[in-house]
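What follows is a short report on a single structure.
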Amino acid sequence: FLMERKTHVKINRKEVILAKLRKSCTCTPQKLKNFVMDFFPVLRWLPKYQCKEYIWGDVMSGLVIGIILVPQAIAYSLLAGLKPIYSLYTSFFANIIYFLMGTSRHVSVGIFSLISLMVGQVVDRELLLAGFDLNDDVPPALGDGSLQNDSLSNTTAFNLTVAGINAKCGKECYAIGIATALTFVAGVYQVLMGIFRLGFVSMYLSEPVLDGFATGASLTILTAQVKYLIGIKIPRSQGHGMFVITWINIFRNISQANLCDVITSAICIVVLVTAKELGDRYKHKLKFPLPTELVVIVVATLVSHYGKLNEVYASSVSGAIPTGFIPPKVPEFNLMLRVAVDALPLAIVSFVFTVSLSEMFAKKYAYTIRANQEMFAVGFCNIIPSFFHSFATSAALAKTLVKTSTGCQTQISGVISAMVVLLVLLFLAPLFYSLQKCVLACIIIVSLRGALRKFRDVPARYHVNKVDTLVWVVTMSASALVSTEIGLLVGIVFSMLCIIVRTQRPRTALLGQIQDTSFYEDDLEYENLSTVPKVKIFRFEAPLYYANRNYFLKSLYRLTNLDPNLETAIRKKYEKKEKQHLKKGNHRTANGLGIGETTLQLVPKEIDFQALVVDCSSISFLDTTGVNTLKEILKDYKNLNISVLLACCNPSVVDSLKRGGYFGRDFGCMQEMLFYSIHNAVLFAKDQK
């Protein structure tokens, strides 16, 4: 029987689009109000803020995150190749803007190690192209801390005009110019993605790709910090193969290690790792995490200052960190053109991490976020701060986990964190002058524990899914050994190729009947299945399209042990030879047999089935090649008096077959060719003569 399909009303797409445009272009007071409140979600939830219930948790989590942010911001400046003050600016502005525009109550948006690394790689490349010496390690200036005077903190000022930058701009000025231009363009990309609703791009970054990318980038981050750990001066490698080149340079110069930095690094790593492990073990008993990084930085700064480690042992220190804010400046347009390509992966990675974390915690705490608004929020967290000498930001998992564990309820906690950073910016920043760079490197390396622990999960990941493990390994290797941007691209392309390959060579099977039932399953996977006499049931577990057409036919011919084209050709060949011999009047055939014997000889090999049932339940769609393939086997098997029956086709497959003329012009034979279950097709085949 055939079920009657519903008649769908044809939609006039032109009218729908025009109606939407008219609706979008009309402006009413209510619509304007809704637009503003949607664009600034804080206007919706802040008036409903339950002060007595939420304020303590928000203040507590804000203070803790602020205390963690300060040392991390100073440390991550090493990754970005910029002065610590710019990291503090970034942390301050990102928290304020996300408070106004974000829809997640819990994520912590600010400086992030992976994003800092991507920014730093672009900054270093452009500095090299501009002729600056990346390895310049002259002691920092002791003047008024002004960021405008680079003559003392660099070997020479930049005396040429590059990309429109003023000739008097020095190394530090040029570096932050590159970073702000990169950040601005990345933010513009994110806003444009939000306008055109391109959030679906994140779907192509699967979990194995993101994990592999983060782990590979973590290896790169670790490698870049080793020289600070042991206090050696080696060239800052750039471009592809940075991981290998840096390690070669490290081992070549290992004899120049600074003993003071080595001892300091060893002590700091032991203290930080021990505190982290104890914090993880007893986190259910602690009301808030131990501020280990801040304690280590304070103690290390005091020891370095009073022990004069920089003067006596030549230990590299952070240098002068000025207070206050630098006047805002528009990012250079000419520099934007230079970094436009680099900004694209930065924008995608920043958005994906922010949205994935937002969705994860929204699901955990039973509320909803708007992914498109999140894209706007993180975009403006990049655009606006770029005018205030800040660089790219993203949500960070570690700080978000700390926020939730310390009682965070809303983004009020982000404002509290920003106030802590502001306190450091206005008053406390100069106190970190004597802080050793090796201490900052220790903080960065210990913060990578989570990503590096992914190596322990490889056996379990392999047990769950071998293909996903291969995607993880390829992405991680490319990100570490080539470059982070190339690694991300390789991971995306390789994961998509894996999907394509799996559809090109899917599982195929002949089905047998489960005894005393109307159900059928794979004969090779299950015991005690009975074969159906004179009927072959073939299952193809993928869409049928141009890329797997040949595999479909080969699998069908192999499993049924019959190639209809070959069998038809053999029959025609023998018939032709027999006719030729009969015309010549030769009573013996080409095989040397008599006519009576020839009759037996020309009988084709016995075919053990008279009907082929194709289980289409796993075929999600057909393209033109797929339809033509089914028409081809229908014709070829018909020449051998074998009927082809289709079972379990979904509506889109049926529509494709109709449009392709599979059922004939008037669909008169459709009832004898299409069945809603395998069992119906089998019963029909048994009734055929």
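Backbone N, Cα and C atoms are what each Cβ position is placed from, and that goes for glycine too.
No curator has checked TrEMBL annotations; they are predicted automatically.
Looking at 96-119, 432-455, the range tied to transmembrane segment in TrEMBL is 96-119. When TrEMBL is compared with the stretches 193-211, 212-230, 611-629, 630-648, the one noted as transmembrane segment is 212-230. Across the candidate stretches 173-192, 212-230, 376-398, 410-428, the maximum count of CB pairs under 8 A to the transmembrane segment (54-76) is reached by 410-428. Within the chain carrying the transmembrane segment (335-355), a Cβ under 8 angstroms from the stretch's Cβ atoms is held by residues 107, 109, 112, 114-115, 118-119, 122, 126, 163-165, 177-178, 181-182, 184-187, 189-190, 193, 199, 201-202, 205, 210, 213, 369, 371, 374-375, 377-379, 382, 392-397, 484-485, 488-489, all 6 or more beyond its ends. Outside the transmembrane segment (376-398) by six or more residues, the chain places 39, 80, 82, 86-87, 89-90, 93-94, 97-98, 101-104, 107-116, 118-119, 147, 176, 179-184, 186-191, 193-194, 325-326, 328-331, 346-347, 349-351, 353-354, 357-358, 447, 450 with a CB less than 8 A from a CB of the stretch. Taking every recorded stretch in 173-192, 212-230, 410-428 and counting its Cβ pairs under 8 Å to the transmembrane segment (472-501), the highest total belongs to 212-230.
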